Amino acid sequence: MGGERQHYYGKHGTPQKYDPTFKGPIYNRGCTDVICCVFLLLAIVGYVAVGIIAWTHGDPRKVIYPTDSRGEFCGQKGTKNENKPFLFYFNIVKCASPLVLLEFQCPTPQICVEKCPDRYLTYLNARRSQDFEYYKKFCVPGFQNNKGVAEVLRDGDCPAVLTPSKPLARRCFPAIHSHKGVLMVGNETTYEDGHGSRKNITELVEGAKKANGVLEARQLAMRIFEDYTVSWYWIIIGLAIAMVLSLLFIVLLRFLAGIMVWVMIVMVILVLGYGIFHCYMEYARLRGEAGSDISLVDLGFHTDLRVYLHLRQTWMAFMIILSILEVIIILLLIFLRKRILIAIALIKEASRAVGYVMCSLLYPLVTFFLLCLCIAYWASTAIFLSTSNEAVYKIFNDTACSVAGKTCNPETFPSSNESRLCPGAHCQFAFYGGESTYHRALLGLQIFNAFMFFWLANFVLALGQVTLAGAFASYYWALNKPDDLPAFPLFSAFGRALRYHTGSLAFGSLILAIVQIIRVILEYLDQRLKAAENKFAKFLMTCLKCCFWCLEKFIRFLNRNAYIMIAIYGTNFCTSARNAFFLLMRNIIRVAVLDKVTDFLFLLGKLLIVGSVGILAFFFFTHRIRIVQDTAPPLNYYWVPILTVIIGSYLIAHGFFSVYGMCVDTLFLCFLEDLERNDGTAERPYFMSLTLKKLLNKTNKKPVES
């Protein structure tokens with residue numbers, strides 16, 4: 001038996017030995033992983049340098065305000081485009097690619113115009129009519145009608161066709177509607193040019209329809225923005241209600257943990273049951289209504305999602321999904337009812353710990369503030385880097401020329417040597433980018449920007465985990481609670497983490513950031529290779545994405561437990577990760593059951609809070625209930641504020657329950673350490689609470705009197 005025990009510990013590490021001086025988180029500790037701390041500081045200095053360079057070269061107005069192909073702002077006072085506030089795209093279909101978002105530039109000529117076009121007109125027909133002067137307003141500035149039709153279209157001097165457009169965000173987007181000049185003949189679209197002849201423009205209309213899809217998406221965005229402007233007040237009230245419910249839930253858990261857990265479980269079952277009942281009533285109400293039996297596949301996609309609520313199939317799908325969730329939850333409760341009692345004991349112990357360290361509930365605000373700083377710096381740097389491109393001009397010539405294709409300056413080109421070498425050459429806009437070393441390094445700088453964001457964000461989260469773990473570990477290892485508890489456990493843990501373990505936090509965050517940036521690169525490559533027909537490449541990409549997703553989940557789990565060991569013992573990251581991993585492996589059954597059941601109970605709590613606030617928001621924004629004399633504002637899409645309240649409520653509940661989750665994980669690891677270190681004798685007493693001792697049939701033996 002002893003040999004088996006020795007072999008078991010040989011496979012899963014060596015348990016902690018009894019230390020009579022150990023009374024909780026070690027205070028006499030040294031700095032750990034100093035090299036990683038130095039690397040982090042150097043990386044932050046480099047990150048600041050990248051930000052300064054980006055802010056020097058970038059211009060975020062290129063994203064906010066429309067600019068033409070020469071990089072000049074439309075409608076800016078004091079420029080030649082002062083009276084031309086709108087941006088016109090020669091071929092807006094080229095702007096529909098999602099890859100355009102990476103460059104913030106559409107690969108088609110763009111000019112500033114006074115008004116968007118209001119008629120259908122092709123360049124060929126305009127040359128032969130009196131509309132040519134009107135058409136020239138949408139050609140490049142300084143256009144002279146001294147070229148043939150093919151040359152004009154080849155050189156991009158004028159658009160091939162004009163379509164009626166409407167300004168949106170100071171940009172001209174096609175407006176597809178009936179027009180007396182456009183006729184539908186069978187399945188073929190033709191254009192009547194005024195002389196009775198009809199020319200096929202099917203490709204034009206198809207391209208315009210694609211552009212109209214972009215317009216519909218933008219109109220959807222504008223309507224959503226309008227809904228936010230009239231409902232933001234009620235959204236804030238809904239989020240405040242979610243915050244109050246979360247605080248109330250945590251306070252009640254401290255005193256009525258067992259009752260609250262069972263009430264919470266029953267409430268979730270009732271909420272799901274009401275959802276099933278409501279879906280059935282809507283499904284029955286639509287029976288016999290015209291058009292309600294159309295399938296979702298036949299209806300297709302519509303931006304107005306309210307259309308789907310008039311289909312019986314939609315409510316049937318909702319009812320099936322909710323029924324499946326209801327059955328799963330009931331089955332889990334039946335088979336795990338005994339384990340739930342143990343989870344309740346852990347929650348009660350965590351409730352007491354949080355009760356003695358109440359300021360821990362406010363720490364997520366610190367994490368949120370630091371994450372907002374990271375996100376703001378990353379986003380601003382990314383925008384400035386993306387708008388660092390400049391207008392590049394090159395020499396163009398119809399005949400062979402030695403300097404053709406070289407960059408040039410349009411202001412100095414007439415008097416330069418290149419113009420004398422090629423008298424017929426001209427310096428014109430080539431593309432929007434740059435050919436300097438800085439511009440060639442923009443992609444690398446963007447990757448570095450994303451990598452540093454991941455690193456710093458993970459560091460902020462790690463700092464919060466170590467701080468909370470140190471505070472709650474101080475509670476557990478206090479033999480006489482709360483008399484032996486330090487005066488300010490949270491602040492003491494925060495100071496220890498920053499003073500001694502910045503390097504260890506940087507090390508763990510670095511490993512996770514590397515995996516995350518690899519996942520981002522894989523997603524980018526997957527988007528670029530979507531058109532590839534190589535099935536093996538798609539299979540390999542899918543496998544890599546799946547593997548790195550699993551790796552990230554494992555590293556997150558390992559880091560979380562390693563940070564708890566760092567907070568308790570003050571060891572470096574690798575040693576803490578190894579000890580935490582082997583400790584969990586030696587108690588794998590308890591980890592698999594107790595930890596996951598506790599996480600499941602926390603998830604039920606979030607669902608109860610989110611479900612309650614979501615149902616209240618649904619009834620309010622659909623005008624089914626009123627609050628005093630006020631009623632919900634008129635909305636384009638009532639699901640916009642409802643989804644916002646639901647998502648916001650979940651994030652708020654997650655913030656409060658994350659403190660509880662960290663407390664339970666810390667107490668669980670301390671509990672396992674307590675079992676291995678101590679045996680209940682007077683010399684080695686258990687530090688666990690009386691409730692946990694009863695569940696495990698453990699007792700502290702009284703000293704034998706002589």
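Counting starts with 1 at the first residue shown.
Glycine residues also receive a Cβ, built from the backbone N, Cα and C atoms like all the rest.
Just so it is clear, the model here is predicted, and its values are computed rather than measured.
Listed features, source TrEMBL:
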type	residues	note
TRANSMEM	32-55	transmembrane segment
TRANSMEM	232-253	transmembrane segment
TRANSMEM	259-277	transmembrane segment
TRANSMEM	315-335	transmembrane segment
TRANSMEM	355-379	transmembrane segment
TRANSMEM	450-478	transmembrane segment
TRANSMEM	498-522	transmembrane segment
TRANSMEM	562-581	transmembrane segment
TRANSMEM	601-623	transmembrane segment
TRANSMEM	635-657	transmembrane segment
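Counting Cβ pairs closer than 8 Å and at least 6 residues apart in sequence, the transmembrane segment (32-55) and the transmembrane segment (498-522) reach three or more and so form a contact. Using a cut-off of 8 Å between Cβ atoms, the transmembrane segment (562-581) and the transmembrane segment (498-522) share at least three residue pairs, counting only pairs 6 or more apart in sequence. Most Cβ pairs under 8 Å with the transmembrane segment (232-253) belong to 601-623, among the candidate stretches 315-335, 450-478, 498-522, 601-623.
At the 8 Å Cβ threshold, with sequence separation of at least 6, the transmembrane segment (498-522) comes into contact with the transmembrane segment (450-478) through 3 or more pairs.
Long-range contacts of the transmembrane segment (315-335) within the same chain: residues 265, 268-269, 272-273, 275-276, 279-280, 282-283, 286, 296, 309, 600, 604, each at least 6 residues beyond the stretch ends and with a Cβ under 8 Å from a Cβ of the stretch.
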